Amino acid sequence: MTDSLTLLRPDDWHIHLRDGTALETTVPHAAASFARAIIMPNLVPPVTNAEEALAYRARIEAQIPAETPFEPLMVLYLTNNTTPETIAAAKAAGVVACKLYPAGATTNSASGVTDIQHIYPALEEMERQGVLLLLHGEVTDSAIDIFDREAVFIERTLRKVVADFPKLKIVLEHITTQQAAEFVAQAPDNVAATITAHHLLYNRNHMLAGGIRPHYYCLPILKRQTHQQALVAAATSGSPKFFLGTDSAPHAKSRKEAACGCAGSYTAFAAIELYAEAFEDAGALDRLEGFASHFGPDFYGLPRNSDTITLRREPWSVPDTLTFGDESLVPVKAGETLNWRVQK
């Protein structure tokens, strides 16, 4: 049994940092272990153009701790009104990707796309410009069961987009089902997926059996154990199509522990440690570096990081709460023990 693991410094290819005073917590947490992060644009109002992306990046950069190299990679939020000109301007400003949220699919997605045909001209420009398409892969049809919405999205929307845009790099984010893992594995090389730590560690029993545990509630929702096992198999397979994206999504404790609680699990405080636990449980610690540090930059066409981090087996207790602006935040594994810790 190994007690130490050194990795090329990883990146987070999907994170929510929020805005305002929340950045005082989320940015240092992300920057502690990751060199780069793909920053989700679902603010209120959302980040829909180059000017807003640059302003948001500046607010993030203002919270990066001194002597800490961390690069926020900015993303535009696609709407029915996103134009090819908007895409071209974003590319020129350094934006690397655009995010498709089906309207109403998740937190702050009301401005999202109602019909993907509306954004085909924007997708064509993204394909030309080399801007990636990031997908929240769920339908929002109220007639579709919440546990089936990812699988239906693949059949109803994703297959056609992949066929229509063969040169567009597409990331199906935070996959949660066996169907998604199988689709991505069999798709052309321009299609990849991110997988969260919490979807590797948990299934819907953790959220629902013996009482409702709101801090496991996220979207796409945790699925049954067979899907969790398929995700673990994909993440630990060594396939370059699957890489790290935490989807760390903070909400104040009062907004989670409520009659109508918000969706999102907070993992950025110890993300790589949580992944290490999942990979160790699967007997695949030797596959963690590829998943966390190699395959994401390779897919994005960016260089791998050159520095390293070291994880040590050092059990520690996760705090019950963390500071979150003027409120508190309950992290994943609050009050429990994590067995790995990044050496400072």
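Using N, Cα and C of the backbone, Cβ positions are placed for all residues, glycine too.
According to DSSP, D247 (Zn(2+) 1 binding site) sits in a coil region rather than a helix or strand. Counting Cβ atoms from all protein chains shown, D247 (Zn(2+) 1 binding site) has 27 others lying within 10 Å of its own Cβ. Taken from Swiss-Prot, the feature Zn(2+) 1 binding site covers H14, H16, K99, D247, and the record attributes it to sequence analysis.
The annotation substrate binding site is assigned in Swiss-Prot to H16, L17, R18, N42, H136, L219, H251, A263 on the grounds of sequence analysis. Around A263 (substrate binding site), taking its Cβ as the centre, 16 other Cβ atoms fall within 10 Å, counting all chains.
As annotated by Swiss-Prot, Zn(2+) 2 binding site applies to K99, H136, H174, with the evidence given as sequence analysis. Take the CB of H174 (Zn(2+) 2 binding site) and look out to 10 A: across all protein chains shown you find 27 other CB atoms. According to its DSSP assignment, H174 (Zn(2+) 2 binding site) is coil.
K99 (Zn(2+) 1 binding site) falls within a strand when secondary structure is assigned with DSSP. Long-range Cβ neighbours of K99 (Zn(2+) 1 binding site) (same chain, at least 6 residues apart, Cβ-Cβ under 8 Å): M40, P41, N42, V75, L76, Y77, L78, L134, L135, H136. Marked as N6-carboxylysine by Swiss-Prot: K99.
Swiss-Prot lists D247 with the feature active site, giving sequence analysis as the kind of evidence.
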Return the maximum Cα to Cα distance in Å (whole number) over the record's substrate-binding residues: H16, L17, R18, N42, H136, L219, H251, A263.
19
Cα separation, H16 (Zn(2+) 1 binding site) to L219 (substrate binding site) (Å, whole number):
13
So for N42 (substrate binding site), how many other CB atoms are inside 10 Å of its CB?
22
